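Here is the structure we will look at.
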Amino acid sequence: MGKEKVHINIVVIGHVDSGKSTTTGHLIYKLGGIDKRVIERFEKEAAEMNKRSFKYAWVLDKLKAERERGITIDIALWKFETTKYYCTVIDAPGHRDFIKNMITGTSQADCAVLIIDSTTGGFEAGISKDGQTREHALLAFTLGVKQMICCCNKMDATTPKYSKARYDEIVKEVSSYLKKVGYNPDKIPFVPISGFEGDNMIERSTNLDWYKGPTLLEALDQIQEPKRPSDKPLRLPLQDVYKIGGIGTVPVGRVETGILKPGMVVTFGPTGLTTEVKSVEMHHEALQEALPGDNVGFNVKNVAVKDLKRGIVASNSKDDPAKEAANFTSQVIIMNHPGQIGNGYAPVLDCHTSHIAVKFAEILTKIDRRSGKELEKEPKFLKNGDAGFVKMIPTKPMVVETFSAYPPLGRFAVRDMRQTVAVGVIKSVEKKDPSGAKVTKSAAKKGGK
């Protein structure tokens, strides 16, 4: 057995008709763990419905439909393998909740694959003011997705077909936009592909022999290996809490940073409740240590289920334990709010697993969202497209961290009127010291608080 491949998460972004589903479907289809029988079934159904052209996207549509109906889809279907990596595709963003998911992040993407429609009119629609190409790229950068691959898709449908001139034009325009967002376009491969015909997806295409760079598969292999934050202090936001007969209270969540081990004394923020971890399990197997990215359940001593809930964060009591945030200052980008946002605005913040109303106590500055330069001190309001620094006060106890120290706990979506109105990253946090929090006997014995 060779060394196991590294897992990476990829988010596929781009305008609605750019061919995201077809391209992703193609990769999963050719490189993924989809059972041949399943594919044959899909193909047969697609043929019966005269959807031949939709073959790859159809695979993805079927998966999405099954997932949305709550059929537990074998998540291997959203995975594919390159020579170097196991890749998982994070929610493809046709989804209304995509932005929220990308931020509250069931997983942080290591690389964004930006799909561009190269056809006449298609490219212009995607990159226009209202197109999603810009918004997705800006979001990816703001949320810390540092690496990007650009695919100039539908090269089989340019005029003339496989046009180098069209490719050059797109590379030039997209590069200048990505540079404004904050990416370095010299570090981004621009791969001309056809997600439908398969040109340059996996093998080199003779139709594009003027192009000398990597295929999409090779570009994915050139992604820099992500550093997992296991050396940081523990942060594990709870997703759920169960009471299991004969075992007791079992909180469940994903280790975002640090390491969780049996015998560790953990402090839950914002309450300050401190106790010992008896055991840690993943997929019904006992673990000696859980690392970032692991979804685990862990059993805690002498803690009632009612004392824990979703949004609470487990941390190591001896290593920068999680505390309640009295207030925090964030850099916010207003994305889709119909009016003006002024001091006193109180929407809901989705940050890690918590979902709490927060007051915009004070808009400190308005800034240029690309350069970060200050445009105005203490503006009266922010509106669509504006960015600014805002001091926020939670309406209930909550744990947040700075984006620089603990990225998954330092980015958030602002929700109002059933949509994401803004996104942000946290720059500084003023924390409260817990007073009178319960410390269980076993924790006290171990020299906890």
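Heads up, the Cβ atoms here are built off N, Cα and C, so glycines get one too.
The annotation domain 'tr-type G' is assigned in Swiss-Prot to 5-230. Per Swiss-Prot, region 'G1' is recorded for 14-21, and the stated evidence type is similarity to another entry. Per Swiss-Prot, GTP binding site is recorded for 14-21, 91-95, 153-156, and the stated evidence type is similarity to another entry. Per Swiss-Prot, the feature N6,N6-dimethyllysine maps to Lys55; the stated evidence is similarity to another entry. For 70-74, the entry in Swiss-Prot reads region 'G2'. The N6,N6,N6-trimethyllysine annotation in Swiss-Prot covers Lys79, Lys187, Lys306, Lys396. The region 'G3' annotation in Swiss-Prot covers 91-94 and rests on similarity to another entry. Summarising the annotation, Swiss-Prot assigns region 'G4' to 153-156 and lists similarity to another entry as the type of evidence. Per Swiss-Prot, N6-methyllysine is recorded for Lys261. Annotation comment: Swiss-Prot describes Glu289, Glu362 as 5-glutamyl glycerylphosphorylethanolamine, evidence class similarity to another entry.
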**Request:** Take the Cβ of Lys20 (GTP binding site) and count every other Cβ within 10 Å, whichever protein chain it belongs to.
**Result:** 27
**Item:** Secondary-structure category, per DSSP, in which Asp17 (GTP binding site) falls
**Value:** coil
**Prompt:** How big is the Cα-to-Cα gap, in Å, between Asp17 (GTP binding site) and Glu289 (5-glutamyl glycerylphosphorylethanolamine)?
**Reply:** 44
**Request:** Find the shortest Cα-Cα separation between Lys396 (N6,N6,N6-trimethyllysine) and the recorded positions Met155, Lys187, Lys261, Glu289, Lys306, and name the residue that gives it.
**Result:** Lys306
**Fill in**
Neighbouring CB atoms within 10 angstroms of the CB of Met155 (GTP binding site), all protein chains considered, total 28
